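Before any comments, here is the structure.
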């Protein structure tokens, strides 16, 4: 009898399926079940996803990672590693997991709806919660969406919408006047005063004045008002703030080089003081006659009063009461003018004057602005802000802030509206003011083309499912930061003091260009006149020569004829 064949050996165990990642984490590899029958740990895979998040830019040097600086991107990358979404081998190497961002925000700029993409370990539940646990409270991830392997948050973003909350008073030409206007209304460039609206902002502003009637706290370098028995206000000279030549300086040795008027005093070319009131703050010398000084003060006040718009000087018993500030609001007239100015940016233009480090010849200077409008007013912590909304395909560094800066300069009559006739020309270089960054935030990134193409296989990359969460984030972090910066630091108010022709001489570009064109026209006209005179003179000479020649010829002909007639008679 044949021996029984041995039983067949069991087939070899299947090799476990590897992760799609070339560098799986040790704890992400599958483990075989133990003898006790414990469940197998899940196998994690990398997925290409788009993460939707928001952040407040306070204390950060912008979105993009920058060595040695605290950035949103740097904190986000570290949080992704700590949350297990990025392996150890890819830590601090974003290119290895296809990192991309939809927008780059400047220093201090916030975002209510930013989008980043990459290949991360996101299969385990609770990924967003673990990510938020590693982030600062001012950075919040709302959720993520599975996307195609070729998706890039930067390349697939069709358009970006930004909002700039601009204080309504910034559009008032009489609020927070520039330093040249202050010196002009004072009639002297040797005094150091402060704008009363900025006096509690946390830092001093040399060369900026306020109104009489309220005495700011005495500080080094500021004017201290003292009153004599007659009630006339006098200003003491600045303390340890003048140089050997008597010129005004600041704690940082900054000199205010103001234009010199005909009487030898430094003055600017504007008219109004703080709050729309042209204040007359006299500066008295040590050996001046008090009575004469008072007379001069009254004359200065009278002259300044003629320039004031909306000021009401009530005088009783020879005393001058503080002027009452006229009310300014975002009326339909102001709204119409501001929106008309913003519409200059709509369309495709060369924005080389609205950025840095981009030349006019660079194709990247051409950008397409879809819309730009300011139709609403919102109130934050007692301050009214104009909601400026701009939608474009993409934006360059400082572009939106510079567009707002020039629009505000035109609204405040610092620059003519006709400056937009040349601001987009390649052959014209202008120094455009940059508005503060605090009021700007990214409101949404749109992926319309991608969502339409892949709507049948992938979820849309959209903020719609997270609108409520994003709105709560804005109310909790972004809006309070904007209001607090204006209350405590006066970010926009201090910036308005710098809008003058001394800091931005290109505001007068159209006047200068017009004067040059006029001179050129006069020169050309003069040359044409000279040429015409020469031609006329030559023509007269030619005509005279022709007439003279013709006369001589005729006379000669007559003489010859006479001789011919007389010759036969001679032969007889």
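Backbone N, Cα and C define each Cβ position, glycine as well.
Whatever TrEMBL says is automated annotation, not expert-curated.
Looking at 1-43, 44-86, the range annotated in TrEMBL as region 'Disordered' turns out to be 1-43. Of the listed recorded positions, namely 106, 162, the sparsest Cβ surroundings within 10 Å are found at 106. Here the C-alpha separation of residue 106 (active site, nucleophile) and residue 162 (substrate binding site) works out to 12 Å. Mean model confidence of the domain 'Pseudouridine synthase I TruA alpha/beta' (342-447) amounts to 96 (pLDDT, 0 to 100 scale).
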